[in-house]
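K.L.:
Next up is a structure, given as structure tokens.
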Amino acid sequence: MSNQQYLESTAQDSKASNEVNPDLETFYQKYGDLEIKYIEPPQHSPWFTKPYALNYFHNDTLYRTKNERTSSKLELFLDLVITGILSNLTSNFISKGGSGYELIKFLGLFITVFVIWSDLKDFMNYYFNDDLLQRGFVIWLLVLLITFDNNCEFIDLGDDDENTLWICVGCYSMARLSLSAMLLFYSFFIHEHKIQMRLYGISLIITSLSWFWIFQIHNDSYKWIFAGFMLVIEQVIFCFSVLPWTKRKLGLEYSTALNIEHEDERFSGFVIIGIGELLYNIVSGSPLQKGLNERLTKGLSILIMGYLIMGIYNHKDGCLRATHALRRSAITAILYIYLHAPLVASLLIIGDSGIELIQYHKVITEENFNILKCFQVGLGMVLILLTGLASLDKSRDGEDSQEFSKFGRLSMRIPVAIVIIGLTWSFKMFSIGTIIWIDTGLLFICYFYEFIVMNPLNFNIRINLGLTNVQDV
């Protein structure tokens, strides 16, 4: 049977909402139903399942295998381990004083780990089947990342720098080469993606081996510049491999397609875990000590802060109907993906610098000023990035459907972020505890303002008492 006959015989026209998981109902209410043709997946075996594409385009028609795609236990396990690794990198950065050089080093290491997580996320989004091969692939990458994480802290120390750098570069390159091997192997089974898989797989081999040129550079600053250049090149190649422009230039009849609702779920879950890691620091090791004391009040303020950040993140743009950033255009899709990296980094920085501030006394010295700056700037960046992410969706609300425009609903975030960052230099007037509580108060004002403008009171008391939540409309 030909591919076309197979598609026609197994596909069924349907809307995604007809078979939607109840947990994703809110997503479809806001972003609309998807016109999809469903096909039957191959028979699953825990030992080895014939690789297949979960989603793909065929002549601009979206095909998807049956059964709603939600985060698996394996993906949750991966997210928790990766967040722990990123948290360790953040702790090392804060413990060394949060200087400019340490920030550059932290960002470089953070991005490398985030790239591996993103690679695995995309691989699972396209080809997840939970067989023994994929489970082995995941644990192999985690072994490499744990080895990388335990060595990267010592890159700049002692006579063993070169050996440590070899281990870190080797682990990162092996992780990328392993992805290349999986893509090239899978390409023999998945004809819908084979061109893009092979092109990207070959590019991974070239870029991964190019990393070893770093050992020809003997200046530490130049090494970081080279590493930054390589990370940019890798991501540019990735973007080109999935852009619609590339698909058109290659004249592809079949091409890759994202499961947008699952992608949104993965990023949302990753951010929530990041917020959880932020709050974990105020309970790990009982840093608030016994009794009712100043440390406890600081810790409670950070607890409230984390809750408010989660609320603001869940507010998004407050639209009742919208076009998701991943579907709106290639540019908004790329921005949506990459803005999550600094967002998670900022959340982790807030958590680790916050626990340091809890342990300090009232007086800010030159030694701990950098820690305060990391906390304040990190918090301001969270609000700025949340504004950027919320702005990427395209509103499809009618002119009279909401009392406030999208700009009006989000207008409080940037001013509050600017004030919070400016408070960094108010340490001569306020104690650490006062500054943290002012931050919490400003976040509460921002949160409550958005809650009011996004959830107008419904005065039709006989029908519905209380508030109408736009997240449930």
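Note that Cβ sites are derived from N, Cα and C of the backbone, with glycine treated the same way.
Copying in the features that TrEMBL gives for the protein in this structure:
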type	residues	note
TRANSMEM	100-120	transmembrane segment
TRANSMEM	132-148	transmembrane segment
TRANSMEM	164-187	transmembrane segment
TRANSMEM	199-218	transmembrane segment
TRANSMEM	224-246	transmembrane segment
TRANSMEM	267-283	transmembrane segment
TRANSMEM	295-313	transmembrane segment
TRANSMEM	333-350	transmembrane segment
TRANSMEM	370-389	transmembrane segment
TRANSMEM	410-428	transmembrane segment
TRANSMEM	434-453	transmembrane segment
K.L.:
Do at least three CB pairs under 8 A connect the transmembrane segment (267-283) and the transmembrane segment (333-350), leaving out pairs fewer than 6 apart in sequence?
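P.N.:
Answer yes, regions in contact.
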K.L.:
For the transmembrane segment (100-120), give me same-chain residues lying six or more residues beyond its boundaries with a C-beta closer than 8 angstroms to one of its C-beta atoms, as numbers and ranges.
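P.N.:
Residues 78-79, 82, 85-86, 89-90, 92-93, 138, 141, 144-145, 148-149, 152, 155-156, 172, 175-176, 179, 224, 227-228, 231, 234-235, 270, 337, 341, 344-345.
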K.L.:
Between the transmembrane segment (370-389) and the transmembrane segment (434-453), are there three or more CB pairs that fall under 8 A, provided the residues in each pair are separated by 6 or more in sequence?
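P.N.:
Yes; at least 3 Cβ pairs under 8 Å.
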K.L.:
Go through 164-187, 224-246, 267-283, 370-389 and flag the stretch with the largest number of C-beta pairs under 8 Å relative to the transmembrane segment (132-148).
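P.N.:
Highest pair count goes to 164-187.
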K.L.:
Of the stretches 199-218, 224-246, 267-283, which racks up the most C-beta pairs under 8 Å with the transmembrane segment (295-313)?
P.N.:
267-283
K.L.:
Could you give the residue numbers and ranges of same-chain residues that sit at least 6 residues beyond the transmembrane segment (224-246) on either side and whose C-beta is under 8 angstroms from one of its C-beta atoms?
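P.N.:
Tertiary neighbours of the transmembrane segment (224-246) are 104-105, 108, 111-112, 115, 176, 196, 199-200, 203, 207, 210-211, 213-214, 217, 256, 330, 334, 338.
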K.L.:
List, by number or range, the same-chain residues at least 6 past the transmembrane segment (199-218) whose CB is under 8 A from its CB atoms?
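P.N.:
For the transmembrane segment (199-218), the far contacts come to 162, 165-166, 169, 172-173, 176-177, 179-181, 183-184, 187, 226-227, 230, 233-234, 237-238, 241.
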